[in-house]
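As annotated by TrEMBL, active site, nucleophile applies to D7. What TrEMBL lists as active site, proton donor/acceptor is D9. Feature annotation from TrEMBL assigns Mg(2+) binding site to D7, D9, E168, D169. Residues annotated as substrate binding site in TrEMBL: 7-9, W23, 42-47, S50, K75, 113-117, K144.
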Amino acid sequence: MKAFIFDLDGVIVFTDKFHYQAWKKMADELGIYFDETINNRLRGVSRAESLEIILEKYEGEPLSGEIKAQMMEQKNRTYRELLATMTPDDVTEEVRETLKRLRERGHKLAIGSSSKNAGFILDKVGLTDAFDAVSDGNNITRSKPDPEVFVKAGEFLGVNPKECIVVEDAYAGIDAAKAAGMASVGIGDASGYEKADYRIETFGELLDIG
Ligand code: B16
Ligand code: MG
């Protein structure tokens, strides 16, 4: 494989606790029930789709698009305050070392994330220079399982989809990789997903695949 495309949240870093805290604050203020089980359904899902999932528990009057946009903005403000506390210590040595070794072997590395905060996160954890390209929520119009984010990552790298392998923690991300015509590796939540071409428990196992 010429290129590895990594999902960010749940693969390189773990920001679901911050997503939870930020959505929880917004939901509490509006009296909407929200818990960790609902939060698990937000993995890999875009911000707008996440809000719709949270609003399944909302019993008030219908909300306008403008109000929903304000709710997302408020959530994102809280989320970014929490992200701002991240440091290079939020990335394991295993992840850092594996990325370095894959690059030394000549693989191109990209991020393929639904998040519009991907650049900010990479900066906070000191990984901006570890990747050759970043495809994220800012350059797509359709979210996973649509293949757009990975197709764009392959284009940014100048690598044919057949020579790209996607590393994902979300089922929708594995489906998106397939739809892009790329191979896939399931890790974390997706390590049990039978549609993944490879399933791994630890990040370092990527060195046995590449
Ligand atoms: P933002 P990934 C995803 O990141 C998260 O898993 C998901 O929970 C979040 O809603 C989405 O990014 C959008 O994030 O609000 O920062 O734009 O797993 O695709 O790296
Ligand atoms: Mg993810």
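Yeah, the Cβs are placed from backbone N, Cα and C, and that goes for glycine too.
Feature annotations (TrEMBL) mapped to structure.
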residue: D7; record: active site, nucleophile; DSSP class: coil
residue: W23; record: substrate binding site; DSSP class: helix
residue: G44; record: substrate binding site; DSSP class: coil
residue: S113; record: substrate binding site; DSSP class: coil
residue: E168; record: Mg(2+) binding site; DSSP class: strand
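If you draw a 10 Å sphere around the CB of K116 (substrate binding site), it holds 15 other CB atoms from the protein chains shown.
Recorded residues S113 (substrate binding site) and D169 (Mg(2+) binding site) have their alpha carbons 11 Å apart, per Cα-Cα distance.
Cα separation, W23 (substrate binding site) to D7 (active site, nucleophile), rounded: 21 Å. In this view, D7 (active site, nucleophile) is surrounded by 31 other Cβ atoms within 10 Å of its Cβ, with every protein chain counted.
In terms of C-alpha distance, the listed binding-site residues G44, E168, D169 place E168 closest to the residue listed as 'active site, nucleophile'. In sequence order, F6, L8, G10, V11, R43, G44, S113, V167, A170, G173, I187, G188, A190 are the same-chain residues whose CB sits within 8 A of the CB centroid of D7, D9, E168, D169, the residues recorded for Mg(2+) being left out. Sequence-distant contacts of D169 (Mg(2+) binding site), defined as residues of its own chain at least six apart whose C-beta falls under 8 angstroms from its C-beta, comprise D7, D9, G10, V11, R43, G44, G186, I187, G188, D189, A190. Residue with the densest Cβ environment among the recorded positions D9, E168: E168, by other Cβ atoms within 10 Å.
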